[in-house]
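J.: Here it is, the structure in full.
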Amino acid sequence: MPANKIDALFVNFLGNSPKWYKLAILSFLVINPLIFFFINPFVAGWVLVLEFIFTLAMALKCYPLQPGGLLAIQAVAIGMTSPSQVLHEIQANLEVLLLLIFMVAGIYFMKQLLLFVFTKMITKVRSKTYLSLLFCVAAAFLSAFLDALTVIAVIIAVGIGFYSIYHKVASGKDFSSDHDHTSESHDQLNADDLESFRGFLRNLLMHAGVGTALGGVCTMVGEPQNLIIAAQAHWQFGEFFIRMSPVTIPVLLSGLLTCVVVEKLKWFTYGVQLPENVHKILSDYDAYEDTHRSDRDKVKLIIQALVGVWLVAGLALHLASVGLIGLSVIILTTAFNGITDEHSLGKAFEEALPFTALLAVFFAIVGVIIDQRLFAPVIQWALTFEGNAQLVVFFIANGVLSMVSDNVFVGTVYINEVKSALLSGQITRDQFDLLAVAINTGTNLPSVATPNGQAAFLFLLTSALAPLIRLSYGRMVIMALPYTLVLSIVGIVTIESGFLVEMTQYFYDNNIIMHHSAKELTESVVGH
């Protein structure tokens, strides 16, 4: 191939990404087969995981689907995993994919109601600390009953709405004008106000993101892995909440206290105030909307509110899978609000489909983790401990692995390994139940450290909002750090101090929960 053609190919490769980034991805593609075939497949597997994390960390340089996808395709091609294993992972996580496709699109059609509610909240509540706590508590409460991805989709829709309103007015347009809020070529924009507003939105989004983890860990419907763990242990909704409470309640209170402290002390880039000019624009927008709201608009808000009630009720009562409820939200809101042309419907799917494709690529990496047994040494090591020490080690081991891998996968692998240990007589049924608590809290809490562990964080990082407010991988890690430390330390202390064991015994003694037998677990292994 002529030199100019090669140059053109290199320029086209990964588009506008920096040259060093393109070279890094190409070098990964060269060294991976060499390590796999000539050094050690286990080492090659861990190298691939680290490379995939690198593509996520560089999400603002290049969307991770392309570089991560190339690594995943090569991994399948050289035999690190198989197409059937990738398909199995996608099948096992079909509900998550349906949730992304339909629920996020459904939330798009409810954004008028969301903007109405949250605009009132932001314009009326002037204390940033109280507002942050409000976002954190609201996200925690919702995530106890809804999936964290759904809650984050709501928060992202609200964030984009606020940003576009400010950007439109600051660019010299009125509220009713069409405007491209992703453009940065408007001279009228006040750089200081814009930067402060970005910081303000970053703060609220991170508080809400951590809130989803704080609430999601408490109930069996809060996170997908909670459902898997509850199914393996044969726990119902109430028993799950009670068994988790010795760890989750102290952690929840500590997390909310952390929210207040970082805001008050302005640590880790928190404490950014809403600029007065931006507050005025949002207040003016609120007044403008109230004045110009027609009967049709009011009916639209009522319809969206009624659909919102159905959404919460349907998810809390598990009337259908999350994705199907999302599809019903799309149908109900569009049918009764008169959105019937294909182009208008298509816009709703733009946000979630790239991330859905990225998640499918992520499942290929999970396939490598399974086929190369990358976590096996850690699990076997953890099982060598006994009693309370074993609970602490499982919490820490789950936490560390959940920072680099999907917490649904980590939780599923661990609960199945512990179930095998119970059935082979290595542990008692009571110890199994305590380990299930350690696994659930270990996968949910420390995983806020990076976007890798929490699908909701990864969705936020790769959303259309992240580049607008300059929310990068590194920034997310730094902003999550105080929460990571507090949630992890409090979680470890509640287990290591014996508080979990003592409270569980108290629940047994007072017949709040009952002892289970190993015979209940003779059914086939769920998940992987």
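Positions of Cβ are set from backbone N, Cα and C atoms, glycine also.
On a predicted model such as this, the values are computed, not experimentally measured, just so you know.
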J.: For the annotation transmembrane segment in Swiss-Prot, which listed range does it cover: 11-31, 32-52?
T.: 11-31
J.: Tell me, please, if the transmembrane segment (98-118) and the transmembrane segment (350-370) are in contact, taking contact as 3+ Cβ pairs under 8 Å between residues separated by 6 or more positions?
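T.: These two stretches do touch.
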J.: Are there residues at least 6 beyond the ends of the transmembrane segment (240-260) whose Cβ is under 8 Å from a Cβ of it, and what are they?
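T.: Residues 129, 132-133, 136-137, 140, 207, 210-211, 214-215, 217-220, 226, 230, 433, 436-437, 440-441, 445, 482-483, 486-487, 490-491, 494-495, 499-500, 502-504, 507, 512-513 contact the transmembrane segment (240-260) from elsewhere in the chain.
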J.: I'm a bit unsure how to read this: which one of 67-87, 140-160, 391-411, 449-469 has the highest number of Cβ pairs shorter than 8 Å with the transmembrane segment (311-331)?
T.: 140-160
